[in-house]
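Right, one structure below, let's go through it.
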Amino acid sequence: MDLEALRRYSALHPKPAGLTLQYGTAGFRSRAEQLDHIVFRMGLLAILRSKAVTATIGIMVTASHNPEEDNGVKLVDPLGEMLHPSWEEYATQLANAEEQELQKVITEICQKAEVNLHKDASVFIGRDTRPSSKKLSQSVIDGIQVLGGQYHDYGLVTTPQLHYMVCCQNTQGQYGKATLEGYYEKLSKAFMELIKQSHCSGENQKHLKIDCANGIGALKLSEMKPYFPQEVVIHIYNDGTKEKLNHLCGADFVKVQQKPPGGLDMKPNERCCSFDGDADRIVYYYKDTAGHFHLIDGDKIATLISIFLKELLAKVKQDFKMAVVQTAYANGNSTRYLQETLKVPVHCVKTGVKHLHHKAQEFDVGVYFEANGHGTVLFSKTAETKIRQLVKEEKDDEKREAAKMLENMIDLINQTVGDAVSDMLVIEAILALKGLTVQQWDALYTDLPNRLLKVQVADRRVIDTTDAERRALTPPGLQEKIDALVKKYKLSRAFVRPSGTEDVVRIYAEADTQVRQGVMKEVCFHTCHLTMLNKC
């Protein structure tokens with residue numbers, strides 16, 4: 001380690017006095033002007049991680065659905081997954097170390113993680129379209145170069161594309177080519193193979209309006225347009241040429257506000273969807289003939305995909321274990337439909353993509369989606385190998401065709417992380433193959449009316465939870481109050497959980513009718529009263 005170079009470059013990326021940030025599921029996020037030292041140090045950490053696992057590591061500069069003034073950075077592990085939890089602690093230590101302690105902290109990480117500094121290291125870098133992202137990417141490069149690492153800067157890419165590239169690189173091309181062209185070709189080929197068997201549902205069913213949140217998704221969809229077949233005609237809105245990133249648009253805005261994004265003119269029964277700022281979330285929606293807005297969120301996306309996969313798995317007649325993974329935010333009626341109508345096992349885990357991803361890995365086919373539209377499908381190596389074998393060797397026509405469709409689904413789905421582009425193509429293929437309109441999809445079940453509130457608090461750590469964050473352990477008495485309240489209402493459920501990234505408490509409630517959601521007000525009151533942190 002060149003200590004002089006470390007001191008010199010660190011001085012160019014000084015840590016602001018008194019600033020403390022924590023690495024979470026989304027990495028680091030804050031105002032862009034506070035992050036220069038963070039991204040420089042994550043360049044250092046990426047090299048240490050690369051040397052520790054002898055593989056290429058990814059770094060993405062993005063703040064996803066946050067306002068344009070924010071930014072962030074997160075690391076991507078060798079198979080495109082989130083950074084290993086044990087290294088999240090190292091990231092936090094390195095980010096918050098004072099200048100004079102930097103060398104000491106790096107040395108300690110090397111000792112604890114058994115990092116051999118003499119090994120080679122490489123990092124893939126990507127960034128979103130925020131004005132601050134290019135400069136912050138250069139700070140990442142400074143950190144990489146201090147420790148003598150190699151890097152490839154992909155420039156402007158979606159977050160899922162960077163995850164994809166890292167996985168391709170570390171599987172020696174088995175997952176695909178580590179290029180944008182390779183990504184476009186793999187997805188488009190699988191998509192076209194799938195929809196070959198669909199029946200034309202009319203001109204209107206070809207068209208899809210896409211709100212790209214004025215983010216990177218617009219740029220990458222435009223690049224991918226030539227790869228799309230005639231069966232799909234996409235219309236891009238909020239492409240970043242006029243308005244700010246995520247401002248009154250994007251998947252998070254549509255989900256939270258329960259209304260259409262600005263900049264997109266909706267006509268009755270038109271199929272529309274929204275990406276978020278870095279294109280790893282997607283939600284669908286439409287407006288009926290009476291002008292009412294209908295949101296189709298991650299729960300219904302998971303349900304549609306589960307129906308399709310369950311039918312194909314039944315046809316190939318293999319003993320594959322399939323399950324859906326949700327969080328506490330999943331609508332109660334979605335869980336009931338999956339368990340009682342589809343007979344698909346459902347598992348609830350703590351909020352955060354890493355928890356869903358980890359649980360989904362336990363099954364041959366694991367479908368996971370957060371209600372916010374972030375999700376994907378994981379196929380075990382055993383299942384994938386068997387499916388590909390059936391395509392080549394199966395004599396029964398029906399079983400072979402079902403296996404072929406499953407194989408194309410495997411290739412179309414980005415299994416490394418939630419991917420709005422990939423998920424959009426999966427959904428469009430399923431709707432075409434099943435001949436479903438967006439209204440018929442929406443009618444599979446009716447969401448229970450629900451509300452989600454965010455309450456600013458002084459210290460979110462006062463609230464501790466258990467049972468996948470569905471029950472409060474502290475402060476004393478809070479869960480008892482919630483239990484008493486929900487008993488008053490039919491199909492009622494409510495929970496309180498602290499945010500993982502900011503000092504806010506999130507309060508969720510649902511019931512059989514909107515009128516009965518008085519439970520929300522009461523839960524909010526008791527939460528504030530018992531924590532003595534805020535006034536509602």
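Just so you know, glycine gets a Cβ as well, placed from its N, Cα and C.
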The annotated coiled coil range in TrEMBL, which must be one of 136-163, 248-275, 388-415: 388-415
Secondary structure content of the domain 'Phosphoacetylglucosamine mutase AMG1' (178-283), with strand meaning DSSP E or B: 39 helix, 16 strand, 51 coil
Beyond the site residues SER64, ASP276, ASP278, ASP280: chain residues whose C-beta lies within 8 Å of the centroid, for Mg(2+): THR62, HIS65, ASP128, THR158, THR159, GLY215, ALA251, PHE275, GLY277, ALA279, ARG281, HIS374, ALA420
Nearest of the recorded positions (SER64, GLU370, ASN372) to ASP278 (Mg(2+) binding site) - Cα to Cα: SER64
Entry from the binding-site residues list ASP276, ASP278, ASP280, GLU370 having the most other CB atoms no farther than 10 A: ASP276
Other CB atoms within 10 A, centred on PRO498 (substrate binding site): 21
